[in-house]
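Worksheet for the structure shown next.
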Amino acid sequence: MALMIPPVKLKWLEHLNSSWITEDSESIATRDGVSVLYSKLLANKEVVLLPQQVLCLKGPQLPDFERESLSSDEQEHYLDALLSSQLALAKMVCSDSPFAAALRKRVLVLQRIFYALSNKYHDKGKVKQQQHSPESNSSSADLHSVSERPRSSTDALIEMGVRTGLSLLFALLRQSWMMPPPPGPGGGPGGSINLCNDVIHTAIDVVSSLPPLSLANESKIPPMGLDCLAQVTTFLKGVTMPNSGADILGRRLASELLLGLASQRGSLRYLLEWIEMALAAAAVVSTMEQNKVLQSQEGLIGYDCFMNILIQMRRSLGSTADRSQWREPTRTPDGLCSLYEAALCLFEEVCRMASDYSRTCVSPDSIQTGEAPVVSETCEVYVWGSNSSHQLVEGTQEKILQPKLAASFADAQTIEAGQYCTFVISSDGSVRACGKGSYGRLGLGDSNNQSTLKKLTFEPHRAIKKVSSSKGSDGHTLAFTTEGEVFSWGDGDYGKLGHGNSSTQKYPKLIQGPLQGKVVVCVSAGYRHSAAVSEDGELYTWGEGDFGRLGHGDSNSRNIPTLVKDISNVGEVSCGSSHTIALSKDGRTVWSFGGGDNGKLGHGDTNRVYKPKVVEALQGMFIRKVCAGSQSSLSLTSTGQVYAWGCGACLGCGSSEATALRPKLIEELATTRVVDISIGDSHCLALSHDNEVYAWGNNSMGQCGQGNSTGPITKPKKVVGLDGVAIQQISAGTSHSLAWTALPRD
């Protein structure tokens, strides 16, 4: 007979926990809400339906009651069999009712949400991990007391066993190496030393069999495991020295095991520790050589073992690396190489990797007025989307449907895509602009469209660090310098330029008043308002005050920068069409205020908010970046996940009609580690850790880079034509997009 409840296999995915925490638990009370959440479980394959057994409706075998005479016991037996069969059939029918099916789905959804909540808020191990993360500023003493969890007797026994076992093993190995081996059968040498070396050899085989970087994510290793690794590493370092008492083979195997562990842990720290160990051992060997007490094959390591590690590191450099300069240690006839040479080769490889990744890095402190950049390298810039006002410098072509290499932008360090215009900042801090020029938004002294990049003039002369240009309304632009001063230009309606009036400004003009003497580290130009963040965490807003977008508790406009008094310790701000989002310096708090239509504030409703209000759904996460668009908002977490709220295709959930009143994880990017996001008027870009660019949203001008202008694109899709290009930065304008290879300075 069939099972009463259709069998399922449950497999909760850890990286989806945060998305389940943000789900509206009240929706579980409705059948439609449960159905949507259960469909999510099926789509993510966290619930897998198993094949059901074949339904068998055949009841128990009964005798012919007319011909056979049965005892009362037999009659009772057959009656029980019939009743059991009927009861089972009734249960099966009832379990297939709509109510029972909905109840099972509700239980599974609740089970999933409970698992996510218990892992996030009740797993003390994770608390400890979070508190030791780079973002934490708490003292180590406080962390220790908070992260300690009550240990059971079983935990204590296991830890005691592991620690005692390691101590015993180390003591036996040292004793076996230090003591002369007992004679074997017939007076030959004993096997104690061979046994010691066999132990290390076995450990090497285990480490070698692991997939690359198996020990790299220390947050996934229990504290006891990390403690064991530290003890093993300390012991092996002592063994590698020529005066440790271990035999030559033991010292060689210890150095090979240490190298294998350093490689698996994938950290610069452990590679440098191995190099330090190898050089120290080589120095002792050199001293012994001078004193003529050196034994043969001293200070060596297995050539094949070392080269396997080196080749694995070299693969990470890719095909662009200059292989002609690669050096290898000299191999001896018996398959060994010098520890000293190996250390030098490994150190050279580390330096080469660092050079490869930082080849276009320029320190912001080194950019001084009039100085040449420290590193000068051609930057590849790819453009796509609308070129209706020459914002892509691609002649008369109205739209470009997929990324095109743009030679005009070759010396770009930073790029800002605005409303039908583009600004390029070079490494020396100079700014050039092209595209639509109405209302003086380009800062070139007129309102003409500019078909080629033209340099702006800043009085007094300054090196510009960042530019922010509005994606809507009549166009205005902000820029802050390397010294933290702010310039503005373009349309001045509503006082959004911050000069105390509503005049259009066709040249960049320094904002005075409350920002004078402040060091500004972030600016954002919204559709009709502006914002700036100072180095000491103060938020200033000005421009149109309707809907409360300025955060001062009213709807009044301001024509000079005005301090938002209700929050502090702000690190970043983003202005949208009628709302503002601010992020704290430590990434732990996100505030939003202004127009709440379509849920773009993320507070679970559509109300206007006149003062900064914490976005509760993002509490408990480390947020790296926030973006405000026309009718939607984005945030990027420190773990590389993207959350969206508001309405439209920018939610990336598969529908252009969807609305999310609270931040919701973009499932399509859940398995991708995103390192940067950018939002235009109604389309979004995301950059992955693997230098891939994803786009979604409005695609009417080809701004999503899919080779067409159909759409909208309702789920993030990889932008075509950028395979193999090391994209490092992205920018989304009103209807055009740019991606380029210069590494960001910040």
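Glycine is no exception: its Cβ is also placed from the backbone N, Cα and C atoms.
TrEMBL lists 130-142 with the feature compositional bias 'Polar residues'. The domain 'RCC1-like' annotation in TrEMBL covers 374-569. Per TrEMBL, region 'Disordered' is recorded for 125-150. Residues or ranges marked as repeat 'RCC1' by TrEMBL: 379-428, 429-483, 484-536, 537-586, 588-639, 640-690, 691-743.
Counted over residue pairs separated by six or more positions, the repeat 'RCC1' (691-743) shares fewer than 3 Cβ pairs under 8 angstroms with the repeat 'RCC1' (484-536), which leaves the two as not touching. Across all of the repeat 'RCC1' (691-743), the predicted model scores a mean pLDDT of 94. In terms of DSSP secondary structure, the repeat 'RCC1' (640-690) contains 6 helix, 25 strand, 20 coil.
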